[in-house]
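Chemist: Okay, so TrEMBL annotates it like this:
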| type | residues | note |
| --- | --- | --- |
| TRANSMEM | 12-30 | transmembrane segment |
| TRANSMEM | 42-61 | transmembrane segment |
| TRANSMEM | 73-93 | transmembrane segment |
| TRANSMEM | 113-133 | transmembrane segment |
| TRANSMEM | 142-161 | transmembrane segment |
| TRANSMEM | 167-191 | transmembrane segment |
| TRANSMEM | 268-288 | transmembrane segment |
| TRANSMEM | 294-311 | transmembrane segment |
| DOMAIN | 371-503 | domain 'GGDEF' |
Amino acid sequence: MRQILTGLRRDRLLLALCATTAGLVLWYATAPASRTAQVVTAWVFVAAVHICLIGITRSFTRTPGLPAVARRFWRAVLAGAIVYLIGDLAQIVEAASHPALATAATGGKIQVATLSAGSAWLMITLLTAPLGLTTRRERLRFWLDVATVMVAAVVVGWSLIVPDHPAALLDAAAPVLMGPVVLLLCVFVVVKLTMSGTTLFTRSCALIGTAAAALKSGADGLGPEQLHWFLALTITAHAMLTIAVRITHLQVLHNPSALETRRRRRPYSPLPYGAIVVTYGLLTVAIWRQETATIPIALAGAAISTLLVVLRQLDAFRENALLLSRLHQSLEQRDTLAARLQHQAFHDGLTGLPNRQLYSQRLDAALAADGPVVVMLIDLDDFKPVNDAYGHAAGDALLKVIADRMRACVRETDTVARIGGDEFAVLLSSLPGGDPLEIAARIVREVEAPVPVDGGVAQVGASVGIAFARPDLHDAEALLREADHAMYAVKRDGKGSYAVSPG
C-alpha cells in the first residue's frame, strides 16, 4: 500500500490533473472573469480532461494480464470518452458563440446528445457484463435490486435539478432521464460492483467516482444561476472521474490481480433498502415543501420501488419455502440414514437379527433391572457339511430360515441374536408367559426341520445351553460362560438337544 501511495504521488499526470483542477476551482471561487471566459474555460478544461481520459483508457486496455471482462469494459470507456470529447468540442463552439444562454453552461443539444450516447454505450456494456450469478433466481433478484436503486437515483436526480416552475418540466426531464447526470451512471456502476461478483475497477475508483457523482449532483442542484460555483463543481466532477480511472490504472500496474473476480461477501446487499428509504424520504420532503413538480415523480418512484420490493420479497418467500422443503427432505434423509446406520451397527446383515453388541447391551440392561434373566447359546450342528455340499449361498439361505424359525419360537419381548457364523443367542425377558425349557425344546425341533435349498434339502441340528441368572451369578460374561459350557456338554452327549447349566 505504501508503494502504491508513493507511485500515486509521483505520477505527473495525476499531479497535473489535481493541481490544474484546484487552480481552476480557486479561480472560479473568486469569479474574476466574464461569463464568456468562465464557460469557455470550463468546457476547454473538460475537453482536456476527456483527452486525458482517452489516453489513460487506451493505455489501460493494453495492460498485460487484464481480465477479459475488465478489458472489454475499459474499451467501452475509451469509446465513450471519444464520444464525450466530440460533444465537448461542439460545446466549446456553442459557449463561445452564445455565452449568455443557459445551455452554454449546462450543455447544448450536441453535448447532451453525445453525453447521452456515450453513457448509453457504457450502460449497454455494463448490462452485458457477466455478473457471476449462476441461477435464474439470483439474476432476477439482482436486477430487481438494481432497478430499485436506479429508481431512487432518478428521484434524487429529479429532486436536485427540477426547476421550481412546472412549465419547464419537459426541459427538466431530459437531463434526468436521458443520461447527462453523471450520478445515474455512477450509481449504476457502483451498485453493480457492490452487488455482483465482477470487479471492473478498484474500490478507490468506486469511492472517487461516487464522490464525483455527488459533486455533479450538487452542481445540477445549484444550477447555472450561481455560475461560478456550478462550473467549479462541474469541472471538479469531470476531473475526479478521470483521476479515479488513472488511480485504478496505476493500481493495476502495481498489482495485476487487483481486478480479479471476487466472491460476494454477503448473499444480499443493503443498497435496495437504503434506496427505498431515500425515495420515501424525498417524497416526504416534497410533500412538506409542497413541491408540485417533484411530488408526482417522487410518488411514482415510491410506488415503483414498493412494487419492486414486493416482487423481491415474493421471490424470497418462494426461495425460503423451497429451502425449507429441501431442509425437511434433508432432515428426513438424515434421520433415515441415521436409523439405517444404527440398525446396521447393531444388527446382522444376513439374518436381520441383533448382533453380539446389541445382545450384550440388552443383557446388561436386563441384569441391571434385577429381574429373572435366562440366557441361551445355540450352536448349529453339522452346518459345515451343508456349505461343503451345497455352497455358501445355500448356507446363507439356511441361516435366514433358521433365524426366522427361532424368532417364531420366542415372545416379542425376547431377543434372538446371531453372535457368530453359526452361533445364536437368546435372551428371555423377565415377563411371564414362557417356560425356558419349553422354548429351548421348541427351538431344537424347529431347527432340525429340513430346509429346501438350491440343489437339494439341507438339515442341521441345534445344541442349546441354558443359564439362569441368580444372586451369586449376576455378571453377563459369567452367565454367557455357563451357557457356553452347557452347550458344549450337549455336543459331547450327542448334539441335537438342550442342557441347563448345573450352577
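Cβ coordinates come from backbone N, Cα and C, glycine included.
Unlike curated entries, TrEMBL annotations are predicted automatically.
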Chemist: Please identify the stretch among 42-61, 142-161, 294-311 with the greatest number of Cβ pairs below 8 Å relative to the transmembrane segment (73-93).
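Modeler: Top-ranked stretch among 42-61, 142-161, 294-311: 42-61.
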Chemist: Same-chain Cβ contacts of the transmembrane segment (42-61) under 8 Å, 6 or more residues past its ends?
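Modeler: Cβ under 8 Å, 6 or more out: 13, 17, 20, 24, 71, 74-75, 77-78, 81-82, 84-85, 88-89, 91-92, 95, 105, 231, 234-235, 238-239, 241-242, 245-246, 248-249, 252.
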Chemist: How about long-range neighbours of the transmembrane segment (294-311): same chain, 6 or more residues beyond its ends, C-beta under 8 Å?
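Modeler: Residues 144, 147-148, 151-152, 154-155, 158-159, 162, 272, 275-276, 279-280, 282-283, 286-287.
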